[in-house]
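One structure is given below, encoded as structure tokens.
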């Protein structure tokens, strides 16, 4: 094309512009310009214009593709951040569960210690009662001996003994009642603790379910966004195929400001 289009040292399109600006030049050089040469220069100028417009369209499409790739990278970064946040929330919930379990174990241990202390106290009371009984028995023996000596006071002593026995029986009954009451209180405390544990477990399960639902919703939203982006990419690739600007190497050449006429 350079051998056909360029005859003189001045380009043909420059000569055409000079002839359009200065009609006197065309009258003076009418013998030198030929009709075939004029048509060739016009075709050359139109072809250059079409190549420039095609290059601009290619550059715009490449810029759109680069913007879509940047959007995809941003979405992936957002996904990673959301997953990290959810993992941190799950770790915090697990730590809270462990702390609650440790607290409950400590409470149970304290209750067991209290039970042991109460049992020890009851055992001490029983030992004291046994000692008292032994003392009373010794007194009874002494009284019996004295009764042998003092027959007149026998009846009085027997009455006293009966009274003492009745008092001891009453004391034993009171102690048994106290033991039963303490056992009932401990059972009630254990039931309350079990109920609290169950409530805490239910609350934690509800929290976990809510977190799972939030995770599912976020994943669905991200999948919808990815589908929309894939549809946009498919539409752009279809447009590129339709217009014949699919190769990305040529688009990269256009973006790096190379010559548009470079084949």
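Quick reminder: no glycine exception, Cβ is built from N, Cα and C everywhere.
All TrEMBL annotations are machine predictions without curation.
Looking at 91-114, 235-258, the range annotated in TrEMBL as transmembrane segment turns out to be 91-114.
Taking TrEMBL as the reference, the stretch among 34-58, 209-233 described by the feature transmembrane segment is residues 209-233. A contact between the transmembrane segment (91-114) and the transmembrane segment (150-173) is absent, since fewer than 3 of their C-beta pairs, 6 or more residues apart, lie under 8 Å. Recorded stretches compared: 61-85, 150-173, 180-203, 209-233; the one with the most Cβ pairs under 8 Å to the transmembrane segment (121-144) is 150-173. Within its own chain, the transmembrane segment (150-173) is flanked in space by residues 129, 132-133, 136, 140, 143, which lie at least six positions past its ends and keep a Cβ under 8 Å from the stretch.
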